[in-house]
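Record features, source TrEMBL:
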type: TRANSMEM; residues: 12-32; note: transmembrane segment
type: TRANSMEM; residues: 71-92; note: transmembrane segment
type: DOMAIN; residues: 111-227; note: domain 'RCK N-terminal'
type: DOMAIN; residues: 257-344; note: domain 'RCK C-terminal'
Amino acid sequence: MDILASPGRTLAAIVAYLCAVVVVATSAYMAAGWSLGDSFYMVLITVYSVGYNEVHPAETTYLRAVTLGTMIFGCTGTILFTGSLVQVLTASQLNRVFGRQRMERDVARLKGHVIVVGLGRTGMMLARELKAGGAGFVAVEVDPKKAETAEALGFLCVIGDGTDEDVLKEAGIGRARALATVLPNDAANVFITLSARSLNPEVTIVARGEMPATEGKLRQAGADHVVLPAHIGAERVAEVILYPELTRHPRRIDVQHARERVLRNMGLETEVVVAPEGGSMTGRSVAEIEARGAGRFMVVQVMRQAGEVVTRPEPDFVVAAGDGVMIVGRGVAGLRCLFDAPEATESPPAA
C-alpha cells in the first residue's frame with residue numbers, strides 16, 4: 001500500500017519515524033553514560049537545530065557519530081513532518097478546488113444532456129435512474145451537503161440556486177435536451193420553468209407539482225409535462241386497495257402503465273370505473289356497454305370483484321356489480337356517469 005496516497009497516513013508514518021529517531025538517539029547518549037534528561041535534551045536541540053551549546057562535550061568518535069546521525073535523520077524527519085502537516089491542512093481545500101474545476105470542465109463538455117434541479121428524495125431517485133439508464137445529466141442543488149453526496153455517487157453537480165439563470169447557464173441549459181425541476185416548492189418550479197424556457201425554447205421541461213391547481217400554471221410557464229407525485233401515489237394506493245389481484249403482479253401493472261403512456265401519446269385516455277349496484281351498465285354485456293357509449297370508448301379489461309382479471313373480454317362477457325371496468329377512448333373521464341346512472345338512463349351525455 002502506498003502511504004503517499006493518503007496525507008493522513010503519511011503524517012502518521014513520519015511521526016512514528018521521528019519518535020523512533022528520538023528513542024534511538026536518546027538511548028545512544030545514555031549508553032555513553034549520560035542521564036536520561038541530558039540525553040533527551042541533547043536530542044531535541046539537535047533535531048530542531050536550535051543551536052544551543054552541547055550538554056556535554058562530544059569528544060569521542062562515538063558521541064560525534066551519534067550527534068551526526070541525530071542531525072541527519074532528525075532534521076530530515078522534521079522537514080518531512082512540516083511538509084506532511086501542510087499537505088494535511090491544505091489537501092481537502094485543494095481537492096475541493098481542483099475537483100470543482102474538473103467538474104466544471106466535464107459539465108462544459110456535455111451536450112444533449114438532462115438537467116435535474118433539486119436533489120431531494122425525488123431528485124436523487126431520478127438521478128439514479130438516469131445514471132442507470134446511461135443518460136448524461138447534471139444536477140443543480142443549493143445545499144452543499146446534498147451536492148457532496150451526489151458527487152460521491154459520481155453525479156455531476158452544480159452548486160447553486162436553480163432559480164438563478166446564471167446557475168442554469170452553468171449547467172448547460174442552452175445545450176440541454178431536457179430539464180426536470182423537481183423541487184418541493186411549486187412557486188420555485190414555475191419560476192425555473194419560465195427561466196429555462198426563455199433560455200432554451202427547444203428544451204423539454206418536466207416539472208413537479210405539489211398541488212393539482214399548479215399544473216395549469218406550470219404548463220402556462222412552458223412545462224411540456226407536469227408530474228404530480230401526490231396524485232400518482234394516491235392512484236397507486238387506490239389500485240392496491242381496489243384491485244389487489246392486479247397489484248400482486250408488479251410486472252403486470254408496470255406493463256399496464258407503459259400501455260397507458262403509449263395511449264396518451266395517441267391522444268387516448270384510460271379510465272377504470274367500478275360498476276355500481278343498480279347502475280345502467282351493471283349486468284350488461286361488453287357489446288351492450290360499448291353500444292351505449294356510442295362508439296366513444298371500448299372495454300379493454302375487467303377486474304372481477306373476486307380478484308380475477310379478464311383482458312380483452314368477449315362481446316358477450318357480462319359486467320357484474322363491483323367489477324372494475326377499464327375503458328379506452330377520448331374524453332373517457334366524463335363517461336363515468338354512464339355507469340353511475342340508474343337503469344333508466346339510455347343515452348350518453350353529449351360530447
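Glycine is treated like the rest: Cβ placed from N, Cα and C.
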Positions whose Cβ lies under 8 angstroms from the transmembrane segment (12-32), at least six residues beyond its ends: 3, 38-40, 42-44, 46-47, 60, 62-63, 66, 69-70, 73-74, 77-78, 80-81, 84
Helix-strand-coil residue split for the domain 'RCK N-terminal' (111-227), DSSP-based: 49 helix, 25 strand, 43 coil
Confidence summary (mean pLDDT) of the domain 'RCK C-terminal' (257-344): 78
